[in-house]
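Working notes, beginning with the structure itself.
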Amino acid sequence: MFGHERSITQIKYNREGDLLFSVAKDTVTNVWYSVNGERLGTYNGHTGAVWCVDCDWDTKNVLTGSADNSCRLWDCETGKQLALLNTNSAVRTCGFDFSGNIIMFSTDKQMGYQCFLNFFDLRDPQQIGDNQPYLTVPCSDHKITSAVWGPLGEFVIAGHENGEINQFSAKSGEILKKAKEHTKQINDIQTSVDLTMFISASKDNTAKLFDSTSLDHIKTFKTERPVNSAAISPIMDHVVMGGGQEAMEVTTTSTRIGKFEEPVVVVTTFFAVLRFFHAAYEEEFGRVKGHFGPINCVAFHPDGKSYSSGGEDGYVRIHYFDPQYFDFELEA
């Protein structure tokens, strides 16, 4: 599906899975019918790259965060902008809690401003009108690069640029628990369908499975390239991972022509692959090609029968599993 002019930054299904939302570096938020890939509409208003998107439980509202220093709330059906929350720096992550009443978003550490994690209650019009969150949590050391709500909306699980994972209380803002299993930046965090587990994707070439409440490290899935995104199947003991380095790796060598040295640029490009791992055995059992260049985001359909991916090439692809996939058993 081609509806963006620049690379995809995030894709997200609604709870029923009939809609797929995509955002990219081109200011546009698209919504698609997942069954046939038809574009239903767009949410227009951002003036910078859109980094994150989320949809609430009953597909009533959509939340987006952008490099134009704003987080915006939209009516899902009409595309009307319901709220504009201005910030001092780019909004990197955003999300609705389980009830759809509380939103959180994090801002980048840039232009002299530190990273903040903000919480708004949508039931209080004054908070929205005054642009005053009921809770603001400063993250002075390392900025948040990915964040999701934990079970029951009691805390937010945040991944940082140094590889650390923290639980932030949605009531007090205090750090409830910490984990430091990754050695480099965390690019993506996604929860299981029941929110009891989450998987983190990192620049250290691994994805790791954690317990959402205790932050206990459960499994590790290793590759030879940075992992940009990872998702947990809702019906199988499988995880899918997407990643890759920059689409063009440029190396310069010099060749002598007469008295002059002429630099020669060697450009290598590749088709990125999606990798499937067994969640229990940590074994890779399948690969799927498709995108040209790195894969930036992956997501399982809520019914587990298909999945989607968004790439640096600006395309969103919906993949349906063959019937044999559901009968597959990994030989331990």
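Any Cβ shown, glycine's included, is placed from N, Cα and C.
Listed in TrEMBL:
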REPEAT    1-42  repeat 'WD'
REPEAT    43-84  repeat 'WD'
REPEAT    179-220  repeat 'WD'
REPEAT    288-318  repeat 'WD'
The repeat 'WD' (43-84), counted residue by residue under DSSP: helix, strand, coil: 0 helix, 23 strand, 19 coil
For the repeat 'WD' (43-84), mean pLDDT (0 to 100): 96
Helix-strand-coil residue split for the repeat 'WD' (1-42), DSSP-based: 0 helix, 22 strand, 20 coil
